[in-house]
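S.K.: Can you keep this structure in mind? I'll have questions shortly.
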């Protein structure tokens, strides 16, 4: 017998084209063991990325809150997906552990098949799987996350839920066909009995059976086309609300990577039950009309969202306009303040210009005598102009100023006087100005000053312009005895020096 090699080994468990379970098994239910991570309300997802992000967010939030996983049993049947809490109880009489079930107290959640929106597992962690179900009362999507022990177990659970969709779809087709056959038989009977028993209606039992069939029907009632009883098993991760018609019976879904088994949902799964439908729609409403209503509702939601966006933009523009207006007012206030400051500065500058012009006029009207006297005043200041003498000149502390008296004219030059030395580098000459003829002779104390027209000097050495030479009497009275030694060394010297290189006349 030929032995199996690695080339002819076939594992039907991973073949997506082969169903995992028998269809009759879904009537009783297929049970799986897993750990329940948690559930959260999520907005309607539009892509797989949003679903995976919601799945991971639930995991991280429950892990951050330190909420432990609960061991549960997942029951998949035609009635829906039922999650039951599994709990251990010790039986003291039997002295062993047994698993006991109490569905009334341990039921975690139960969702019918047509309300399950999406089912898949995480691509990064294949042990994690989840399904999104829609609540019938509040129409809110809720994501339930689970974790299995093995990756293959999670894949089997996902494929089982997908196969449950297909089984329910087949059952809905059978119910629809039976209802159509019953209606045809009833019409034929009414036509045959129209002559003998016209106006015959259904009895109460028939009405109750028909209503029960309509309530237990998972999908909307639609007459299927003949020759479409066989379903193609294509399991892929797809949006169960995305519907594409193929012959009017089922939809073909996109097949993705084998590592992420995908599920195909019939468009009938999307339709709510007869109790949750709008009052305007009956059980015999065509599927296209329902889709048109869904499209109109989505368009209305889109228009509302666009209106909200436009209103938000208007508010934003108003806020920007108010901010710009406030900034403009602030800028105007600053400009006004700067204009006031500039005005004050211009006034101050104009005053300074006037003062400068007045000073220029005063300086231009000053006579030459005032400038000579100013130079004399600067010369006699201590330290203003150093006198360069030979090394034999004695120090200033060795000099003794003679007292002022009547014999000042006959004062002999001391040895340390710079005016009394002929070989000094700098010599000061005294110029005598003759007074007018009709002027009375000066007093004896004023013999040294002679015809010099002295004016009062400022500290800067510049003669004040506004003081005239005619106020000689006031100027002479202002001189005190302390100011006379300043011209003590000015002598009556008439002759010139021997050379111009060693004498300077001021």
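Keep in mind that glycine also has a Cβ here, set from the backbone N, Cα and C atoms.
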S.K.: With Swiss-Prot as the source, identify the stretch among 238-279, 280-321, 322-363 annotated coiled coil.
M.R.: 322-363
S.K.: Between 125-174, 175-224, 375-424, I'd like to know which one Swiss-Prot lists as region 'Disordered'.
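M.R.: Residues 175-224 are the ones Swiss-Prot records as region 'Disordered'.
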S.K.: Could you tell me which of the ranges 481-493, 494-506 is annotated in Swiss-Prot as region 'Interaction with NOS1'?
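M.R.: Comparing 481-493, 494-506 with Swiss-Prot, region 'Interaction with NOS1' matches 494-506.
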S.K.: The domain 'PID' (26-196): mean pLDDT?
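M.R.: Its mean pLDDT is 81.
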S.K.: Check residue 188 (phosphoserine) against DSSP and tell me helix, strand or coil, would you?
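M.R.: The residue in question, residue 188 (phosphoserine), is helix (DSSP, three-state).
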